[in-house]
Amino acid sequence: MQVLLARLACPVYQCFHAIKIKKNYLPLCATRWSSTSVVPRITTHYTVYPRDQDKRWEGVNMERFAEEADVVIVGAGPAGLSAAARLKQLAAQHEKDIRVCLVEKAAQIGAHTLSGACLDPRALQELFPDWKEKGAPLNTPVTEDRFGILTEKYRIPVPILPGLPMNNHGNYIVRLGHLVSWMGEQAEALGVEVYPGYAAAEVLFHEDGSVKGIATNDVGIQKDGAPKTTFERGLELHAKVTIFAEGCHGHLAKQLYRKFDLRANCEPQTYGIGLKELWVIDEKKWKPGRVDHTVGWPLDRHTYGGSFLYHLNEGEPLVALGFVVGLDYQNPYLSPFREFQRWKHHPSIQPTLEGGKRIAYGARALNEGGLQCIPKLTFPGGLLIGCSPGFMNVPKIKGTHTAMKSGILAAESIFNQLTNENLQSKTIGLDVTEYEDNLKKSWVWKELYAVRNIRPSCHSILGVYGGMIYTGIFYWIFRGMEPWTLKHKGSDSDKLKPAKDCTPIEYPKPDGQISFDLLSSVALSGTNHEHDQPAHLTLKDDSVPVNRNLSIYDGPEQRFCPAGVYEFVPVEQGDGFRLQINAQNCVHCKTCDIKDPSQNINWVVPEGGGGPAYNGM
């Protein structure tokens, strides 16, 4: 990381960057390759360039060790850990021997977890009724709930009436990474085998097409794609049922959508990018238990988004603040990170932060599509839970409780099928269709159905304010029972307009006290990857970023990425520019895979243990 930051701070880069800021965009004539230029090789990953055609891999032992389990779970977030714990609870209750293995790409459980987070404890209460006695880190009950609309200089308070989605009575402000870490301890105590630092890289299939399990990724590969002397093949984990709990926009779930056509009867998912910071503030300004949400400035009415500011009771005057931007925005000049930094200077926000110290930063994509965008959840040999398919209640700004409940229901359905000797599957991998049926009968489905029209109502000519009017009238009157369902308008990647049709956005320079630059922010995420490995941000075509994205959209990847992964720099020989991928900076948010207008970027897992090292984010 230090080497990377030094390189990005070099005079050549700063000079180029200064020119770019001044002009706001590169002249279109400068973005194309000259006739004498050669497109430089960017992607070296074996998912794009198969190793069986590479002489450097001749003679390398490619055998993989395999382990058998009853259930394999990919992802140690709230959903995956809920499923794992519930399976072992049922096994103990019924005196059954069920082996449950859970793999997590982060070096430690909770290190890749990021959320606001204001937690509805309903699912936690179901899973661990004695969570208080067990010491679950829910230290801050909500004591004050505020909502407002921001103009450039003012905050217009909006009352939160009982029954509206934003009401947080009975909820807790939590550091979700700490809660996930605690859940991991409970799961291990129940007998779950938890393997942090193992990144699931491949879905394995039986000959009949059902899911057989997963394989973790290979390690010990050079940046140019050649094997190191330390090369080790990944591990195979086989199971009767594999649960995919990867979180929002999981890279294995993407493969499963295509393989089993799981999205045939739902709308394309729509997403947001959430950026978050932790601050230690002046104790005189600290209001433990206060929850504050806003919409409006600095975003225009056609750009969905908003903010949160939570006062935690963690033994020190700590606040969690963040900003969410809907990834269906249209202006390629928009930078979610810089909108976040600008928001902190609002007269209603800045006084809270003055005299304080920023101690952490991170970002993660989130599902915003709601009920209309939930895919088919089961397939032979596996199923999807949590934020992977997307159970977030968008107007409530909460998805942890619904993710946990989906994991609980999946575990109960799997247990019934594993222990029912009269139930035979037509395929080798069990198809647990009962899970989707049970989910649709649960409070999760009822909750999501009630708010299904709120997010798409923001697509009107009035934008976000039209959505607020809709919520105030129709949700208040019908409580989600209106006899229609609004639709979203296509994929987020299709929403960008050409740069020539948009106005460049002038962002103020960060002051280093309230607002900050991108690289110093990434440094606070603890992000680190093995430098000498192929970039896990792979491109289907190395020429597309310059010939299409830069030429038409002024290179939006250099703005929508909240970690400075993508840069357009001058080519070493010839005219024009090339895309540079700083994979070491990646915080695993998945925004690039979602928003790339060419859908040319494919995010795959790096070596296990790499990525951010969040501490209670």
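Each Cβ is built from the backbone N, Cα and C atoms, and glycine gets one as well.
These come from Swiss-Prot:
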- 1-33: transit peptide (TRANSIT)
- 71-85: FAD binding site (BINDING)
- LYS96: N6-acetyllysine (MOD_RES)
- 109-130: intramembrane segment (INTRAMEM)
- LYS132: N6-acetyllysine (MOD_RES)
- LYS223: N6-acetyllysine (MOD_RES)
- GLY305, GLY306: ubiquinone binding site (BINDING)
- LYS357: N6-acetyllysine (MOD_RES)
- 428-447: intramembrane segment (INTRAMEM)
- SER551: phosphoserine (MOD_RES)
- CYS561, CYS586, CYS589, CYS592: [4Fe-4S] cluster binding site (BINDING)
- 577-606: domain '4Fe-4S ferredoxin-type' (DOMAIN)
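Feature map: annotations from Swiss-Prot on the structure.
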residue	record	Cβ neighbours (10 Å)
GLY77	FAD binding site	30
ALA79	FAD binding site	33
LEU81	FAD binding site	33
ALA83	FAD binding site	33
LYS132	N6-acetyllysine	11
LYS223	N6-acetyllysine	13
LYS357	N6-acetyllysine	10
SER551	phosphoserine	20
CYS586	[4Fe-4S] cluster binding site	27
CYS589	[4Fe-4S] cluster binding site	27
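For the intramembrane segment (109-130), the list of distant contacts is 76-77, 81-82, 85-86, 136, 138, 142, 168, 170-181, 183-184, 186, 194, 196, 247, 274, 276, 291, 308, 310, 320, 322, 362-364, 396-402, 404-405, 408, 443, 526, 588, 611-617: same-chain residues at least six beyond its ends, Cβ to Cβ under 8 Å.
Cα-Cα distance from ALA85 (FAD binding site) to LYS96 (N6-acetyllysine): 14 Å (rounded to the nearest whole number). If you take every residue in the domain '4Fe-4S ferredoxin-type' (577-606) and average the pLDDT, you get 97. With respect to GLY306 (ubiquinone binding site), the closest of these binding-site residues in Cα terms is CYS589, chosen from GLY77, ALA83, CYS589. Cα spacing between CYS592 ([4Fe-4S] cluster binding site) and LYS96 (N6-acetyllysine): 44 Å, rounded to the nearest whole number. DSSP classifies VAL71 (FAD binding site) as strand under the three-state reduction.
A gap of 19 Å separates the Cα atoms of ILE73 (FAD binding site) and LYS96 (N6-acetyllysine). The most densely surrounded of the binding-site residues GLY75, GLY305, GLY306, judged by C-beta neighbours within 10 angstroms, is GLY75.
Per Cα geometry, CYS589 is the residue among the recorded positions LYS96, CYS586, CYS589 nearest to GLY77 (FAD binding site).
In sequence order, ALA363, LEU537, PRO562, ALA563, VAL565, TYR566, VAL587, HIS588, LYS590, THR591, TRP603 are the residues of the same chain, not among CYS561, CYS586, CYS589, CYS592, whose CB sits within 8 A of the CB centroid for the [4Fe-4S] cluster site. Comparing Cβ neighbour counts within 10 Å across the binding-site residues VAL71, ILE73, ALA85, CYS561, CYS592, the minimum falls on CYS592. Each residue contributes its Cα atom, and for VAL71 (FAD binding site) and LYS96 (N6-acetyllysine) these two points are 13 Å apart. Considering only the recorded positions GLY305, LYS357, CYS586, LYS132 (N6-acetyllysine) has LYS357 as its nearest partner by CA-CA distance. For CYS589 ([4Fe-4S] cluster binding site), the spatially nearest entry among the recorded positions ALA79, ALA83, LYS223, SER551 is ALA79, judged by CA separation. Ranked by Cα separation from LYS223 (N6-acetyllysine), the recorded positions GLY75, LYS357, SER551, CYS586 are led by CYS586. Cα of LYS357 (N6-acetyllysine) to Cα of CYS586 ([4Fe-4S] cluster binding site): a distance of 24 Å.
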